[in-house]
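These notes concern the structure reproduced below.
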2 protein chains.
Amino acid sequence: MTAAEAGRPFTVEPWCVREPALHLEAMGQTESVFALSNGHIGMRGNLDEGEPHAIPGTYLNSLYERRPLPYAEGGYGYPESGQTIINVTNGKLIRLLVDDEPFDLRYGNLTRHERVLDLQAGTLTREVEWASPADKTIRVRSTRLVSLTQRAIAAICYEVEAVDAPTTLVVQSELVANEQLPQRANGDPRVEAALAEPLVSEQHRSESAGATLVHQTRQSGLRLAAAMDHEVYGPESTQTSSEATEDIGRTTVIARLKPGETLRIVKYLSYGWSSRRSLPAVHDQVRAALAAARFTGWDGLLAEQRAYLDDFWITADVEIDGDAELQQAVRLAVFHVLQAGARAERRAIGAKGLTGDGYDGHTFWDTETFALPVLSHLAPDAAADALRWRRSILPQAMERAEQLGLAGAAFPWRTIRGHECSGYWPAGTAAFHINADIADAVRRHVAATGDLEFEREVGLELLVQTARLWRSLGHHDSAGEFRIDGVTGPDEYTAIVDNNVYTNLMAQLNLRYAADVAARNPRAASRLGVNAEEMASWRDAAASMRIPFDEVLGVHPQSEGFTDHQMWDFENTPEKKYPLLLNYPYFDLYRKQVIKQADLVLAMQLQPDAFTREQMSRNFAYYEAITVRDSSLSAATQAVVAAWTGHLDLAYDYFAEAALVDLGDLAGNTDHGMHIASMAGTWNAVASGFGGMRTDRDGISFAPRLPSPLPRISFGVLWQGRSLRVTMTADEVEYRLVSGPPMRLRHHGEALALADAPVVRDMPPVPAVEPVEQPHGRGPRRRHPG
Amino acid sequence: MTAAEAGRPFTVEPWCVREPALHLEAMGQTESVFALSNGHIGMRGNLDEGEPHAIPGTYLNSLYERRPLPYAEGGYGYPESGQTIINVTNGKLIRLLVDDEPFDLRYGNLTRHERVLDLQAGTLTREVEWASPADKTIRVRSTRLVSLTQRAIAAICYEVEAVDAPTTLVVQSELVANEQLPQRANGDPRVEAALAEPLVSEQHRSESAGATLVHQTRQSGLRLAAAMDHEVYGPESTQTSSEATEDIGRTTVIARLKPGETLRIVKYLSYGWSSRRSLPAVHDQVRAALAAARFTGWDGLLAEQRAYLDDFWITADVEIDGDAELQQAVRLAVFHVLQAGARAERRAIGAKGLTGDGYDGHTFWDTETFALPVLSHLAPDAAADALRWRRSILPQAMERAEQLGLAGAAFPWRTIRGHECSGYWPAGTAAFHINADIADAVRRHVAATGDLEFEREVGLELLVQTARLWRSLGHHDSAGEFRIDGVTGPDEYTAIVDNNVYTNLMAQLNLRYAADVAARNPRAASRLGVNAEEMASWRDAAASMRIPFDEVLGVHPQSEGFTDHQMWDFENTPEKKYPLLLNYPYFDLYRKQVIKQADLVLAMQLQPDAFTREQMSRNFAYYEAITVRDSSLSAATQAVVAAWTGHLDLAYDYFAEAALVDLGDLAGNTDHGMHIASMAGTWNAVASGFGGMRTDRDGISFAPRLPSPLPRISFGVLWQGRSLRVTMTADEVEYRLVSGPPMRLRHHGEALALADAPVVRDMPPVPAVEPVEQPHGRGPRRRHPG
C-alpha cells in the first residue's frame, strides 16, 4: 500500500515536514523523505533502533560494488558488470533496552511518535513516548544531522527520560557492517549473491566510548572506514564501555534513572573511503574528522548547520502564497536537491541522491538536465563540482566511444564511477543525448556564474570531446543535411530512431558552443588538438542539422516518421495498465504514438529559440495528447512549456504533480529514494516556467506569468555574483537585488537596470488559449477544480 | 583451426563424402558432415569408441531441457526460460579393448582410417587398421545407419579382425546417459549448471544381450527411453553378458580371435520419448521397435534404407556437369535436407537439423523459407508434416500474440516446442515476418502438391491467424496507406524499422492468400470466425500496403529511410573484423547501410512480380554493394536473383558458396551442425535460380539459364503428382515427365504440353549486363577465375 492510499503521513507546514504519528505502512516513503545527506554521506530516515524498517540505508557517494550483468543473448560492447550502490556500515543504530525489554514500537504501547524534518535546521528530530509491555514508560528524543559543513560527519543526540518509575536503561550504540537487507522482489539470484555481504573486514578497534571499523568491498576493492565516538550525560552511576568485532562496533551505556531523569548521549560518526589510500591513512582520516567534530561539539554542529542553511535560503527560498501544501513541497524539493549535491565534491549526483537504493544508485542525464540548472543558480560550487566529476570520467567515456567506433567521448547512460552500467542498449547506449545534455549544463553554468575560467579549464574539454562524438555519430546525406540516425531521445517509449529533434537540437548546440569556446580559448583548444578545420566542421554540421517537420500537421515529429505511426489506443487502456512498460512490450510502445516523458516538449523548454511561437503552441498541444507521464521526469517540463504557451492553470497542475511526487508518493516508489530530478524540476517550473527566466551569455531575462489561483510567488536566483529576488503577484512583478553589484535584466523583452532599489513592472495580461487535452485518464490532478 | 585452413578433409566423389585419413583438427566439422538423421533421431559422426571427439551428440527431435534466460534489465513479455536441445542417451558407443589396451586412435599406430558417408546407401562406414602400443594389429570396420524406414531405429554393424596375431578382444557396447560434454566457451554458469546432467534415471534394465534405460529430463519433465540389443558372431568361445546401472547400459562381448578371424556385432538401437505417456508405455514402445528391427535384420535395414533413397533420388538428384566438387556438394546438401525432415513427423525441423547443438537446436524461419521449398518438391510429406507442426503450436502462438497485445498468432522467432525462446527482442519478437513466411510456405506447398485438402485442413487456420496478426500489427495512416512500423526484417544488421519492404510484401501476400483460401472454404473459415467483413479488411490492408520507394536513387529502400542512412565504411573494415556483429555494436550496425543477409533481395526472390525488371536489376546492384553475407542465409538468395538479373557467373559463385558452406567450413562453425538452410538454398539456387522455376495456383513455369562454365545441369521436381526432370545445356533444355499424368508448363513464357515424350526448347541468349560490385573484400570466391 502506498502512502497516498493510506492517507497522508505528513502535516502541512511551511518550513518542516512533520509526521505526527507513526505510519508503519508508509515506512519506506518516510525513510526517503526524512533522509539526510550532504552529498557525501546519505542516511535514510530509519528509526534509531533499526527496526521496524522498510529499507535500511546508509550510503557513501560513489562507494559501489560490482554486480554481474547477464544477457540471454549477448552482443559486442555490452557491459559485463555493473556498479551498484551498497548499504555501508550503519552508524545510525542506537538500540535501547528498557529494564529487560527492547524498545520496539511494534510491542508495548506507543502513546506519542513524532518525526520532524526541519528544513532550516537541517535536522531530523524524533519524539517518542512509549510504555514497555511491562508498562514502564519512557520518553525518547533524538536529533540527527548529516553535516553540511563537516563533510565526513554525522551526529545524533539521543535522550531517554524515565517518566514515572525508576528505570534501568541499556543503550547499545553501534556500527554494523553487512546488515541483513530485505530481499528484492524478482531479484536475480546471482546478483543477490554478489551483493549479500559486500564488505570484507580489514580492521576493527574499540576505544573507551567508540569504535572504528575498516572494510573493503569484496569485488570492487574499495576501502571504507567508519568511526564513532560518544559523549554520555547521565546519573553518576552511568557506565560506558565499548567493544568491536569484524562487522560490529558497539558502545554500551548502562544507566539507572529516577523518574524525570534523562540519559543523554551524543554520538559522533565519521565516514571515509578511498580506492587508493592505505588502511592506516583511511583509518586516521576518519578518526581525525571525528576529533574535529567532537571539538566542534553538538551545539556547534547544530549552529554550523543552521548558518549554512540560513545562507542558502536567502536566495533559495521560494514562497508560494495561496497553496500551503505546495509551499512546503517546493521547499522540501529545493532542500533535497541541495542535500544531493552540496558536498558531493567531484563525485556523481545520483538520480536518487543518497536517499535510497533505487536505480542502483546510478547517475543519469537527470543530473545535468534537471538538477544542475537549480544548483548553478542556488549552489553553484556544487554544480561546478558535478561537472568536474564528468570531466574526471572523460577517460572512461573516451574509451567507451572508441569501443563503439566513435570519436571523442560517449558518456555512460548510467554509472556510479564512469563505466557504462546499462544492460539494455536501446534505452542506454543509444541515448547519446546525454553527451549534449552535459555540454548544455556547462553552457548554462557559465551563463549563470560568468565563470569563464571554469569554462576554459573544465568546460572546454567536455565540449570538445562531446562535439567530436556528434561529428562522428552523424553524417551528411546526399541532400547535404546532417543526420543523426539510430539513436534514442529522452522519451523511453520510443527508441532507435532517426533524427530525434531533441537530440539533433542539443547536438547542434553542443557543436556550436564547442566551436565558440574553442575559438575564444585557442591555446587551450590547441592543446586538445582542435584546429580551425575541426571547428569549422562542427559549425558546418550544426548549420546543416536536420530538424524534421511535418508540414501536413504543422508540428515537429519527435523523430523521423513519428507522426505517421499508429496512435496508442488510449481509450482502451485501463488505469491499472499504467505504467505501460510493466504491461506492454517495448516493441509495441516503440512503434506507436505514445510518449512516456517530455521529449519534443523538453527540446522546446531547453531551446525555445528553435521554435516559432505558433510551432510551440501546436507542438505542445500535439504532444500533450499522447504523453502519459509514466516517468517522473515529465511533469515539470510540461509545467514550463504549459506556462510559456499560456496554459497557466495546467502549468500549475503539473507544477504540483512534480512538487508532490514524493510527499504524495505519486509514483508509488518513493520508498526506493527521492526523485531528485522531479524535485529540481519543481524549482525549474517556478523560475523558468512562471518566472520565464532565461540566461545566456548576453544576460538574464524574465517573462513572469502567474496562474490565477496563486496570488504571489517569490523566488531567488544567483546570477554572476548577485543574489536576485523576483516576486510576482497578479498585477505586478518586483525585481530586487539582494546582494551584489548593479546589473541589467530583461522583463518581457524590456531592458531594466537594477541596483539598490527594487524595480517594479506590470504583469502583462495572459491571452486566452485553446485548451489542450491529455490522453484518456492521464490528465494531471486539477489543483483547483472548476 | 577450421578445416578450410587445415586442408580439405574430404575427397571429391559424386555419390559419397569420403575422409581418406583421419583429420583430428577437423573433428567437429566431420562429426557434423557425417551426422546421420531421419528427422526423429540424430547422431553426430562421433567415433564408435567415443573419443577423441569435438562434440558428442545424439539428439531426439524436440526433446529439450529448459534453461534460464537472464536479463541485465528485464521487460514485459521477455521469455524467462528457453528450451535447449540436449545430448540424449548415447547408443553409438562401442568401446574396444585389444588385449589389455584400449582402442584409442591417439595412441598406438594408425595405418589406415577412412570414413565414408554414402548418399545412396544412407550409411556411414568406417575402416580402420590400427596397431596397439603393444603392436597388436587389428582391423575395425563399422557401418552405421539411422533408419529412414523405421523411425525409432538406428543400427551399427561393428566388425573387428585380428590381423597377424591371436588377440583377445573385449567389446563394451553401451548406452550412456548424461555424457560429460566439453564446456562451452563463454557459457553462463547458471545455464551450464542447468544443463550439466539433464537426465534423471527412472529405470534401468539389462537383458542377455542388451539393456534399456528410461530417464526424465530434470526441468522439462520429458520421458525418454533408449534400448539396445545385439547379435554377436564370433568364435565359439565368445561370451556375451549385459548389465545396467542408472546411467549406463552395457553389453560386454569377449572373444579370442586367431589371425584372420573376425568378431562381428550388430547393434540395434531404439529411441522414444513422450511428454505424456507412462513409463511402461515408453519402455514397451522402444522394446517393440527394437523387436521389429531385429526381425528385419541388419541386411533388411540396409536394403530398406537403399530402396527409400533410390526412390528419393529419382527426382531429387541434381546433376552438375563440369564441376565435380559442386556435384558432390549439391547431393550432400539435398541429402542433409532430407535427413532433417524425412521422419520429423509433426515435430520441428531445426536450423541445424539434428546434426549439432548450434542455436540450441532451435527452429527459425529458415524452415519455411529455405527448407520447405525443397521438401515440398522432393519429399512433400515431410513438408506437410512440418507445417502440421506449426499448426500444432498455434495455441502457444496465439497466447504469445495476446501477450503482445495482438490478434491472431505470433509464432516464436526461435523455439523447439512452440514457446518463444528468443532473449533479444529487436532480432526476435520484432521479426514478425516469420508469420508471413509460414503462410507463404503453405501457399508454395499447395502450389507444389495441389493438395487442397491440406490447404483447408491445415493451411487455412495458419493463414487466418497470421492474417489477423498482420491486420492488428499494421495500421492505415492518414494518407490511407497500410503501414507496418517498428519491426525487423530478415537482415539482422537492421532492426526495428518502419515498412520493411520484405515484411510488407510478405504480409500483403499473407493477407490476400488468407482471404482467398477463406473465400474458397467458407464453411471451414466460418468455423474460425471469419466473415466477409474480416476478409474484406484483409484485402483492403493488402491493397493499400505501403511499399516505400526511393525516387531519387530509383531503388526500393530496405525499409523507410534506409537509403538516407550513412554508408558503412567498408574500405576501412579489415577482413578480421568480420563477422561484423562480433566486432561492432548493434547500434552502429543498425543505423548504417550495411546488410548481413539478403532482405530486399529475398523479397525479390519470393515475390518477383512486385518488381519491374529494371527495379530488380537496380535493386540487386544497390544491395550487392552493401551486403556482407555475415549470415549463411544469404548466398543462395543472391545466387537466385543474380541468375534472374543476368549475372550468371556471379550466380554460380554464390551457388558454390552456399553449396560448400559445410564441406568447406566456410562459416567456421560447421562443428556445431550443418547449415540446413544453406543446404536447401543450394537446391533453390539450381531450381529457382538457374531453372527459373516458379509455381503458383496456375501452374509451373521455367526460365532456364546456365552459367557459361557449366555445360549441363539437370534437376528433378515433384509437381502435383508428377516427377518432372529438367535438363539444361548451353543450347537447349529438355523437359521430361518421369512419372505421372500429362501436364502443362511454361518455358520462358511459352506454354508447353508434356506427356510421355520429352520436349526440347532452345536456351534463350543471355543479354550482357553491367557488372555489380560487392563491399570491399566481401565478394564471393570466383569459381572460375577470369
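All residue numbers here begin at 1 and follow the chain in the order shown.
Each Cβ is built from the backbone N, Cα and C atoms, and glycine gets one as well.
Note: TrEMBL annotation is automatic and uncurated.
Fair warning: this is a prediction, and the values are worked out from it, not measured in the lab.
Positions annotated as active site, proton donor by TrEMBL: A:GLU492. The number of other Cβ atoms within 10 Å of the Cβ belonging to A:GLU492 (active site, proton donor), over all protein chains shown, comes to 21.
Annotation source TrEMBL lists substrate binding site at A:TRP365, A:ASP366, A:LYS596, A:GLN597. In the shown protein chains, 21 other C-beta atoms lie within 10 A of the C-beta of A:LYS596 (substrate binding site).
If you average pLDDT over the domain 'Glycoside hydrolase family 65 N-terminal' (A:20-274) in this model, you get 95. According to TrEMBL, the domain 'Glycoside hydrolase family 65 N-terminal' annotation covers A:20-274.
Feature annotation from TrEMBL assigns domain 'Glycoside hydrolase family 65 central catalytic' to A:331-684.
Per TrEMBL, the feature domain 'Glycoside hydrolase family 65 C-terminal' maps to A:693-753.
Under 8 Å from some Cβ of the region 'Disordered' (A:764-786) lie the Cβ atoms of residues 323, 568, 570-571, 573, 575, 578, 594, 617, 620-621, 624-629, 635, 642, 645-650, 652-654, 656-657, 705, 709, 748, all in the same chain and six or more residues away from its ends. As annotated by TrEMBL, region 'Disordered' applies to A:764-786.
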Quiz item: DSSP three-state call for A:GLU492 (active site, proton donor): helix, strand or coil?
Solution: coil
Self-check item: Sequence-distant neighbours of A:TRP365 (substrate binding site) in its chain (C-beta under 8 A, six or more apart)
Solution: A:TRP413, A:ALA431, A:HIS433, A:ILE434, A:ASP437, A:ILE438, A:PRO490
Self-check item: DSSP three-state assignment for A:GLN597 (substrate binding site)
Solution: coil
Quiz prompt | Three-class DSSP secondary structure - A:TRP365 (substrate binding site) | solution = coil
Quiz prompt | Cβ neighbours of A:ASP366 (substrate binding site) where a neighbour is any other Cβ within 10 Å | solution = 26
Quiz item: Taking the Cβ of A:GLN597 (substrate binding site) as the centre, how many other Cβ atoms fall within a 10 Å radius?
Solution: 22
Self-check item: For the domain 'Glycoside hydrolase family 65 C-terminal' (A:693-753), the number of residues DSSP places in helix, strand and coil
Solution: 0 helix, 40 strand, 21 coil
Practice problem: Could you break down the residues of the region 'Disordered' (A:764-786) into DSSP helix, strand and coil, giving a count for each? | Solution: 0 helix, 0 strand, 23 coil
Quiz item: Using an 8 Å cut-off from the Cβ centroid of A:TRP365, A:ASP366, A:LYS596, A:GLN597, can you name the remaining same-chain residues around the substrate site, in sequence order?
Solution: A:PHE364, A:THR369, A:PRO490, A:ASP491, A:GLU492, A:SER631, A:LEU633, A:SER634, A:ALA677
Quiz item: In whole Å, how far is A:GLU492 (active site, proton donor) from A:GLN597 (substrate binding site) when you measure between their Cα atoms?
Solution: 7
Self-check item: Integer Å distance between the CA atoms belonging to A:GLU492 (active site, proton donor) and A:ASP366 (substrate binding site)
Solution: 14
Quiz prompt | A:LYS596 (substrate binding site) versus A:GLU492 (active site, proton donor) - Cα distance in angstrom | solution = 6
